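As annotated by TrEMBL, domain 'Nose resistant-to-fluoxetine protein N-terminal' applies to 133-268. Here TrEMBL flags 277-297, 395-416, 436-459, 479-501, 543-565, 572-596, 616-638, 650-670, 690-710, 722-743, 763-788 as transmembrane segment.
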């Protein structure tokens, strides 16, 4: 045994914590080396353990020192009992064989020794719980050593790391358990220290910000269904696994048993480029190029001639390519020079060939013009509407999408605020908060309008074509209408956002959402079945379930539309059977699984979503009630089209009273049950089965009376022209708003303090940003898709 290795004076000469650590490890490894020479033949465990103690006593022969680190290491090593010492010895024989270098084996050995001494647990558990990378451990020990030194230019980095780590603040008793620390300060840290093993050199590392989600087993703050967050600043040599082990080890060493870190997400400084991101940025670039070319052609072909000829000659309507506002002049006026006709007549170019070439050129020009930002934006923001439009639905669309945004604003704040428990418990007792809690009924308004418009438009078409419908085109048009902008928006969401924004709560592990959700489950969104497949984790894009359910209703709609047109009595029966299914199913589920009324309920004062999210809230067989109300309303409007609808004033007044009463009861009716004992299982079952149908009936009455002349001031308000361009943006706003909310919540440097005005401010900001971005996304992606569809279908007709 080397006398220098285990000499106390030699140890005390070391001023750097890492050097002291290495000295003790050298001493320990000397013991291990002696034992391992004839380990298989040694049976006297008492002698080996005694040698272990002898080595330590020799190292500290003169008793405890003034150095706290040395004393703690000495005590930790001596606490290893005989059985655990033998276990460590056996494991380290393998460690010495497998380690790539002396540095790695030393640090691994120390990690196990330290863990075993602290916990006294079994060998297997100790090995699995403290498997920390050697470089991470060395950097962390250097940080601990430097934080104890006087603050100088060389040691201030350690102070900054400690300062950047989150710390408990005020409001603990109100449930403020989110401690984010300082994200930017952590990212600015560059740690420096002298590494003495295996050779002396200067070691540098960068600060890495990680957020741990932890649970609290402490009354009155149980975290069932809710994860608290704690930001830590650690060396960038540490992985997320290392960070999780370090955090839990720190809690264990300080006897904090009520808190357990469940996961740790570290924010990467540079997000590695993925093939998916490259493809998305390339698509955006190509689209921008096509928009630039299309806009330039539109200006040259359509706008400049008008500006030159003056207003009077420029009043001629342009041929439509993208709806009523898209235009394209005749082929001859674009391509033919003044002598084209004469050349064709003289045999220089056959007339048929010239026409064919003109048609081909016309198609190419139409395709480019479909991307014109000028024309697409003009159409998008126009106040004009087609004849026969149900104008009151414009206002309903805008109000409903804003209600959706309000509800989602509250949900995002629940995950990013620091005082959730106290605020929610108080807010649920107020009537004003019920509008936010019950914002889920805004989706039922969209279901009503979807079923109504589909039935009304399809039956009118069938009437014109004597019942003939190209059902392949029926489905293809719907899929092509929704999917391109849907997939592009989600592609940007998953692939591009991490390269554009950054923040403490922004997950950046190979994509914007957590890996299991979207990296593996994206195909459910593409096929509109994500609500039907119970993935191992969660479906991608939690708010996109509505698109899947609405598409599923669309798929089965011919089962009702065909009999409603051909044999109305049979159609009534089919619709009645669907109504029966969508009311009985939720009743059975609620009773069998004891689900609460409504989607959101409280768990220990906190909002919580359970299995009813899959079984009831996003399932088509439980959500079809309001859609069926729309189907019936659309059928009635179709049958009464062109005929005056006469209703007695008393009937109209009674209808409005019932409609308003139903709406108010549904929105505010659950207030007392959120904070009280709750509904009985029977009440909960009937509420779940009929509340959304009742809401649909209230909305349907508004649409019907407004369309038939009994809407009065309500119709005037909902049909206000200001709603027209905003209503066209509804679909894109729906896709975008949740992404914006997620970015705003994730990039916040400090937790939100949740108040009514916090919700209002975030809501207003999201509304303004969503509509602004929706104009851009619709102009670049949605409108060109619609225009291209029209160009291609028009070509087939020709």
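Backbone N, Cα and C atoms are what each Cβ position is placed from, and that goes for glycine too.
No curator has checked TrEMBL annotations; they are predicted automatically.
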> So how many of the residues in the domain 'Nose resistant-to-fluoxetine protein N-terminal' (133-268) end up helix, strand or coil by DSSP?
Replying inline: 45 helix, 39 strand, 52 coil
>> Is the transmembrane segment (479-501) in contact with the transmembrane segment (277-297), using at least 3 Cβ pairs under 8 Å (sequence separation of 6 or more) as the test?
In response: yes
> Among 543-565, 572-596, 616-638, 763-788, which stretch has the highest count of C-beta pairs below 8 Å with the transmembrane segment (690-710)?
Replying inline: 616-638
>> Counting a contact as 3 or more Cβ pairs under 8 Å, with residues at least 6 apart in sequence, do the transmembrane segment (479-501) and the transmembrane segment (763-788) touch?
In response: yes
> Under 8 Å, at least three CB pairs between the transmembrane segment (763-788) and the transmembrane segment (395-416) (pairs 6 or more apart)?
Replying inline: yes
> Same-chain Cβ contacts of the transmembrane segment (616-638) under 8 Å, 6 or more residues past its ends?
Replying inline: 390, 440, 444-445, 447-456, 459-460, 463, 531-532, 545, 548-550, 552-553, 557, 560, 564, 571, 575, 578-579, 581-583, 585-586, 589-590, 595, 599, 688-690, 692-693, 695-697, 699-700, 703-704, 707
> Residues sitting near the transmembrane segment (543-565): Cβ under 8 Å, six or more positions beyond its termini, same chain?
Replying inline: 408, 443, 446-447, 450-451, 454-455, 458-459, 462-463, 467, 471, 474-475, 478-479, 482, 486, 490, 524-525, 528-532, 571-575, 578, 618-620, 623-624, 627, 631, 635, 734-735, 738
> Against which stretches of its own chain does the transmembrane segment (722-743) lie, if we need a Cβ under 8 Å and a gap of at least six residues from its ends?
Replying inline: 380-385, 393-395, 397-398, 401, 404-405, 408-409, 412, 482, 485-486, 489-490, 493, 497, 501, 503, 506, 512, 541-544, 546, 762, 766-767, 769-771, 773-775, 777-778, 782
